[in-house]
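Notes follow once the structure below has been shown.
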């Protein structure tokens, strides 16, 4: 058996499995529809038609017509009309859902002067999926695809190339830095992060040791248990420095956290204000002037 026959058998197996699931669910929906026909006759057809009864009818019939149109084997000459009909039924389903949301808001705000405003706002927001699906349907292209000896009606969205580029960016450009690194001038172009995990970790440490990507990149590089959480300690120092009389400069704190005691000199005097004792001890420990607290 050659490779083409194996692919054909796999496609046919997936097609039959899809049809089995579709008809099983359709049978369940049809059963529920048939056992409630008497309730539909009593609630809708024997009374005056109202907006609520029309909404009930639309919900019931769309629940059956949508799966039925999608599961019937139509002639290939009807490929485009069937795809359009399926899309219209789906748009109607989304419209019914938006109307139900609006009616719920209207009922919750019954007796107030804002009920129509809130109902209209919720309906407009719920109608957004209809607009996006209409855009997709306008750009939908239909064609007859062959699966071995079988023919299938295939539909795909022919979206503009720029829209695809904006929606699916290049993985290598996904981590491009949008903010300048510490010490960079405004307008300076920051290079892209290398794709390799270990290279990304080295890149971030070299350009921005305080980056919040550090923990993520450690896990990506395979470091299950990273060393001391210097990022957390430096952020804690930054949060507390506005309460202290002698705040730590960011470059000195960064140098201390990276075990460079030579850069931490006598300028780091003990803090005098009350409440900064913990920070004073932390700075001493980081600068290597004492062991522990």
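Each Cβ is built from the backbone N, Cα and C atoms, and glycine gets one as well.
Keep in mind it's a predicted model, so treat the numbers as computed, not measured.
Among the features that TrEMBL reports, transmembrane segment is placed at 21-37 (among others).
According to TrEMBL, the feature domain 'DUF6533' maps to 22-65. With helix defined as DSSP H, G or I and strand as E or B, the domain 'DUF6533' (22-65) counts 38 helix, 0 strand, 6 coil.
Only residues 6 or more beyond the boundaries of the transmembrane segment (49-76), in the same chain, are considered here, and those with a CB under 8 A from a CB of the stretch are 19, 22-23, 25-26, 29-30, 33, 36, 40, 43, 82, 85-86, 89-90, 92-93, 96, 99-100, 103, 144, 151, 153. Feature annotation from TrEMBL assigns transmembrane segment to 49-76 (among others).
According to TrEMBL, the transmembrane segment annotation covers 82-104 (among others).
For 116-136 (among others), the entry in TrEMBL reads transmembrane segment.
According to TrEMBL, the feature region 'Disordered' maps to 166-189 (among others).
Marked as compositional bias 'Basic and acidic residues' by TrEMBL: 219-234 (among others).
For 219-293 (among others), the entry in TrEMBL reads region 'Disordered'.
According to TrEMBL, the compositional bias 'Basic residues' annotation covers 235-244 (among others).
What TrEMBL records for 270-280 (among others) is compositional bias 'Basic and acidic residues'.
Annotated compositional bias 'Basic residues' per TrEMBL: 281-293 (among others), in sequence order.
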Distant-in-sequence neighbours of the transmembrane segment (116-136), which means Cβ under 8 A and at least six residues beyond its ends: 87, 90-91, 94-95, 97-99, 101-103, 105-106, 109, 157, 159
PLDDT averaged over every residue in the domain 'DUF6533' (22-65): 87
